[in-house]
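Going by TrEMBL, these are the annotated features:
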BINDING   Lys66, Lys90, Ser344  substrate binding site
ACT_SITE  Lys102  active site, proton donor
SITE      Asp142  site 'Important for catalysis'
BINDING   Thr185, Asn216  NAD(+) binding site
Amino acid sequence: MNALAATNRNFRLASRLLGLDSKLEKSLLIPFREIKVECTIPKDDGTIASFVGFRVQHDNARGPMKGGIRYHPEVEPDEVNALAQLMTWKTAVANIPYGGAKGGIGCDPSKLSISELERLTRVFTQKIHDLIGIHTDVPAPDMGTGPQTMAWILDEYSKFHGYSPAVVTGKPIDLGGSLGRDAATGRGVMFGTEALLNEHGKSISGQRFVIQGFGNVGSWAAKLISEQGGKIVAVSDITGAIKNKDGIDIESLLNYTKEHRGVKGFDGAHPIDANSILVEDCDILIPAALGGVINRENANEIKAKFIIEAANHPTDPDADEILSKKGVVILPDIYANSGGVTVSYFEWVQNIQGFMWEEEKVNDELKTYMNRGFKDMKEMCKTHSCDLRMGAFTLGVNRVARATVLRGWGA
């Protein structure tokens, strides 16, 4: 089942639990707007290249739409639709005043020079500047983009609308980016894990963790969890996988990966088959890389008692069913990885106020939002006698549905 089918399925299950009107259900599922634009640029060698840029704006009932812009050669429309919809529910679960969006450009950023990427970003911004905005749609970085991309979008957008730092988040600090934004998703994963374990009478300290993916989210989660006394026994990334049953020294690994651009060859652990990372013996498994990695082929082999979904849609519905029967507790992605969008909201607030916060305030506020979100999700689990995934979906869908009706849906 692809990401869109799985997201639609979860939405419909939540809708049934909530008893939503069928017309309202259909309305909530259809995107507000889908944008597709041609972006033609001169390359450094003088040739002309064309790329397709897109933006799916899913829902704005609760506020401006929010979501990342990715640069990737294989941009799949269904996946982008699914991720835009997930952002609608995720922002509602976090209870921040946004809707959902997603977009990007079908390109391979590794094959473009910095100047070509800048030209491409500026042309894309010129094509969509009337459809994004501080109170309309606020993009952020995603796969293949980063603070520099956001800086170019800000500059190009400002040529049309005046200086508008709040039009994008995930910006460089010097242009109004928020302190703590870089670590936010990983820190949110840590706070979510802490809340879940507390619910089960446990703490992070002494638990054995396996982390699949050692990019921004996985590496920050590993660092913060190890600082809390958690033992990271195995990690993997695109270069390979490593294991040390006594616990990996995360600080040393972080220094190693900065120099060698991957975990492969790290001498504080021994190499293992990257395909076995998800089924390694541990207490808590954190998939922090790609979607669909936990499926019916490997779900029975998983030994973890808890799964924290730091990636988007890492567990497919078949695996969900198998793991549920095994008694594995899954902390769903729309709650677990919402730390990034929550701190993006803090950045947007700081930009609108023109008043920047200290990093300690950012982290304290994030903890408050993550703890409140967990409590709200658990309440929905009790109300509807459902698991955490359905608790999160019913929470998010219910908030969006209520806002839609209050604003005069169907009038």
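Don't overthink the numbers, they just go from 1 along the chain as shown.
Even glycines carry a Cβ here, placed using N, Cα and C.
Quick caveat, the model's predicted, so the values are computed rather than measured.
Within the set of binding-site residues (Thr185, Asn216, Ser344), the lowest number of other Cβ atoms found within 10 Å of a Cβ is recorded at Asn216.
Checked against Asn216 (NAD(+) binding site), the binding-site residues Lys66, Lys90, Ser344 differ in C-alpha distance, with Ser344 being the nearest. Lys66 (substrate binding site) has a Cβ environment of 29 other Cβ atoms inside 10 Å. Those residues noted as binding substrate (Lys66, Lys90, Ser344) have their most widely separated CA atoms at a distance of 13 Å. Around the Cβ of Lys90 (substrate binding site), a 10 Å sphere holds 29 further Cβ atoms from the protein chains shown.
Here Asp142 (site 'Important for catalysis') comes close to Gly67, Gly68, Ile69, Arg70, Lys102, Gly104: these same-chain residues lie at least six apart in sequence, with C-beta atoms under 8 angstroms from its C-beta.
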